[in-house]
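These features come from TrEMBL:
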| type | residues | note |
| --- | --- | --- |
| TRANSMEM | 220-242 | transmembrane segment |
| TRANSMEM | 283-310 | transmembrane segment |
| TRANSMEM | 316-341 | transmembrane segment |
| TRANSMEM | 353-376 | transmembrane segment |
| TRANSMEM | 382-412 | transmembrane segment |
| TRANSMEM | 443-466 | transmembrane segment |
| TRANSMEM | 472-500 | transmembrane segment |
| TRANSMEM | 512-531 | transmembrane segment |
| TRANSMEM | 543-560 | transmembrane segment |
Amino acid sequence: DFCQAEGKKRPSENLGQVLFGERIEPSPYRFTFNKKETCKSVCTKTYDTTKPEDKQKLDFLKKSMLLNYQHHWIVDNMPVTWCYDVEDGQRFCNPGFPIGCYITEDGRPKDACVINSEFHEKDTFYIFNHVDIKIYYHVVENEALGARLVAAKLEPKSYKHTHPDNPDCSGVPMDISNKASGEVKIAYTYSVTFHEEKSIRWASRWDYILESMPHTHIQWFSIMNSLVIVLFLSGMVAMIMLRTLHKDIARYNQMDSTEDAQEEFGWKLVHGDIFRPPRKGMLLSVFLGSGTQILIMTFVTLFFACLGFLSPANRGALMTCAVVLWVLLGTPAGYVAARFYKSFGGEKWKTNVLLTSFLCPGIVFADFFIMNLILWGEGSSAAIPFGTLVAILALWFCISVPLTFIGAYFGFKKNAIEHPVRTNQIPRQIPEQSFYTKPLPGIIMGGILPFGCIFIQLFFILNSIWSHQMYYMFGFLFLVFIILVITCSEATILLCYFHLCAEDYHWQWRSFLTSGFTAVYFLIYAIHYFFSKLQITGTASTILYFGYTMIMVLIFFLFTG
């Protein structure tokens, strides 16, 4: 319930912004370039606490101040930032500023109330109803373009305007006592000043926001940590490949007489069963198809992000790019699923194609749709309009599904993957397994190493999704992505070798689930993050958090597997 702009058209958003629930509204704060305004009135809101609808609005304002809700303002596609000093003499620039703040009953200031010593009444809310906006520009010398805006900063202030019609912006802060009754008047005002800033170039105008986010040294630490894991795993894999396999193969080649060949050992014993089709081969091939689709999508999206096409200045570009790529990559999904299904000796190719097109996307869409219903029921602005849902369905059914069919057609037309050895008629008995070659312990161990590579990045990604911090370290993310792919493959190869040596030949599902189990660790981490970092209250918000987390976990499971 703030001041509304009269009769201005809403700016339009792209697909990524709509999906992320970002809505841009026009604002009643008007500036003219280089025209200084002091203490200009915007509007006055009056709440009569005896009327139930006014009391409800005021209670909502109080609740949002208690939970530290933020205003996010944009000028010329730049976030208006609120810069303040933090420890070690650093300045932090927040791309939003709080609605207000609260002093607790024992006189402790919460959140933003620490900025002013005048906020000292107990059990009281202070609303930031005045802003001092500073707009920095530089004049373009060589062309006759005029000036360009390079930064917009503001200071939130709180004033109890004695004459709301003729405000003077001085005096005591605007306090709303928690037990206040009667009439509460809040007058909203603003001041604007323009400053020339010669040192900032227009191209680098985002830097001051990004520089105030002190994360890069942690990043290098995490990259080194991941690289150590990768080197360790590569060493292990190389040793097995070179020493053990080389020795084994040399031994087999020396046996010229047939009677020596009877005493086989280790992985050589299961050669007649190694290519036996896995149980639930249909499901595995569908997962492999969808996983390939997600893998290529992630690679291309991150590659573009590294080149700087999807910077935070280009709002919603990342999500739009990912969705469009996912839709266009139906062909590899259909092709991979068909190839594997055919090599597993499957006959029901129609079911295979339909499951590839609809199973995983269907689960994601159903989850997304339920979340949207909850948002819609709560009356949230993040609820996706019906038109956008129809558009997403159209992209899926009219582009993605036909492409999957094309891919599957070529996959089934090719000959099945040739196996170098014949499969025996009778399945071989699997001997008693030791603890670490049993399926479950092996799978649980396999997920730890890839997760160790990504968990620091994961913290920043979750922050950028849930705590509205900018995420801009795509170079690091791309590096970590490559490391993750290598780690997943190597950890799986290692564990696969161990259980083949123990004469357990069910390797297909196990190799998928060994890496895929990383997603379970991701889920555990997300639950830990929810309880330790976020102060989310209310059933709807909790369901939303876990609903969206489940989408991410499923996508991550298919991708790592």
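A Cβ is built for glycine as well, from the same backbone N, Cα and C atoms used for every other residue.
Any TrEMBL annotation is an automated prediction that lacks curation.
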Given the transmembrane segment (512-531), its same-chain partners at Cβ distance under 8 Å and 6+ residues beyond its ends are 284, 287-288, 442-444, 446-448, 450-451, 454-455, 458-459, 462, 466, 488-489, 491-492, 495-496, 542, 545-546, 549-550, 552-554, 556-558, 560-561
Within the same chain, the residues 6 or more beyond the ends of the transmembrane segment (382-412) and with Cβ under 8 Å of it are 15, 18-19, 21, 23, 289, 323-324, 326-339, 342, 349, 352-353, 356-358, 361, 365, 369, 372, 375-376
Per the definition of 3+ C-beta pairs under 8 A with sequence separation of 6 or more, do the transmembrane segment (283-310) and the transmembrane segment (443-466) touch?
no
Return the stretch with the most CB pairs under 8 A relative to the transmembrane segment (472-500), choosing among 220-242, 353-376, 443-466, 543-560.
220-242
